[in-house]
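A.B. asks: Sharing a structure with you now.
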Ligand code: PRP
Ligand code: URA
């Protein structure tokens with residue numbers, strides 16, 4: 001039984017996804033929407049982080065609160081995962097970021113690794129692989145393959161939009177990795193783009209279309 005695939009039903013996320021998908025949305029707004037949706041998704045994807053008690057002095061008294069005990073790594077898949085990582089780092093500034101550069105070859109649709117800033121022995125309890133688009137699944141699978149060589153005990157995938165083909169491939173390759181999404185779309189088209197999707201997430205964030 002593979003780890004669950006969770007698709008957000010939060011109204012704010014759905015509302016912002018509509019603007020994100022619109023072809024007329026320009027890069028500045030697109031980046032803001034990626035950040036806002038990623039922020040919401042981060043709360044959903046980290047709901048099982050471990051907590052530990054911490055003493056806090058309020059203006060009135062001494063009390064015991066909770067803080068996050070897990071050491072968290074964010075692994076943005078370049079380029080498009082960068083916007084997700086920035087938003088999540090704002091929500092949890094103690095997280096560390098490991099950049100991983102992969103691009104999808106246009107002819108074969110296979111991922112090509114061009115940059116890896118992952119420490120050989122990361123000291124993290126949980127790592128979130130961040131990529132807005134889960135299309136064929138090749139990039140997410142390759143990123144998690146690399147991450148698993150570091151021995152990170154818990155891995156979570158967070159994406160904005162996925163195709164069923166990508167989810168199936170990811171679950172087959174890494175059944176232990178839970179998947180958190182803002183939307184699960186209908187299909188891939190003949191050139192491997194998600195439909196209805198939003199086009200090319202990297203180009204739309206960075207204005208390179
Ligand atoms: C996009 C996207 C994913 C990949 C998804 O990256 O950000 O990394 O495609 O496709 P897959 O599931 O079929 O592997 P792209 O290669 O366009 O690179 P970019 O982020 O630098 O634009
Ligand atoms: N990569 C993207 O940026 N968009 C898609 O629809 C598929 C892969």
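A Cβ is built for glycine as well, from the same backbone N, Cα and C atoms used for every other residue.
Residues or ranges marked as 5-phospho-alpha-D-ribose 1-diphosphate binding site in TrEMBL: 79, 104, 131, 132, 133, 134, 135, 136, 137, 138, 139, 200. Positions annotated as uracil binding site by TrEMBL: 194, 199, 200, 201. Annotated domain 'Phosphoribosyltransferase' per TrEMBL: 7-208, in sequence order.
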A.B. asks: Give, as a single whole number between 0 and 100, the mean pLDDT over the domain 'Phosphoribosyltransferase' (7-208).
C.D. replies: 97
A.B. asks: Measuring Cβ to any atom of ligand 1 with a strict under-6 Å cutoff, which of the binding-site residues 137, 194, 199 qualify?
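C.D. replies: Close enough to ligand 1 are 137.
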A.B. asks: Would you mind sorting out which of 133, 135, 137, 139 (the binding-site residues) have a C-alpha within 10 A of the one on residue 194 (uracil binding site)?
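C.D. replies: Checking Cα-Cα distances against residue 194 (uracil binding site), the binding-site residues within 10 Å turn out to be 133, 135.
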A.B. asks: Give the residue from the binding-site residues 131, 200 that has the most other Cβ atoms within 10 Å of its Cβ, counting over every protein chain displayed.
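C.D. replies: Top count of Cβ atoms within 10 Å goes to 131.
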A.B. asks: Using all protein chains in view, find how many other C-beta atoms are within 10 Å of the C-beta of residue 199 (uracil binding site).
C.D. replies: 15
A.B. asks: Which residues, in sequence order, are found in the same chain with Cβ within 8 Å of the centroid defined by the Cβ atoms of 194, 199, 200, 201 at the uracil site, excluding those residues themselves?
C.D. replies: 132, 133, 161, 193, 197, 198, 202, 203, 204
A.B. asks: Cα of residue 200 (uracil binding site) to Cα of residue 133 (5-phospho-alpha-D-ribose 1-diphosphate binding site): how many Å, rounded?
C.D. replies: 9
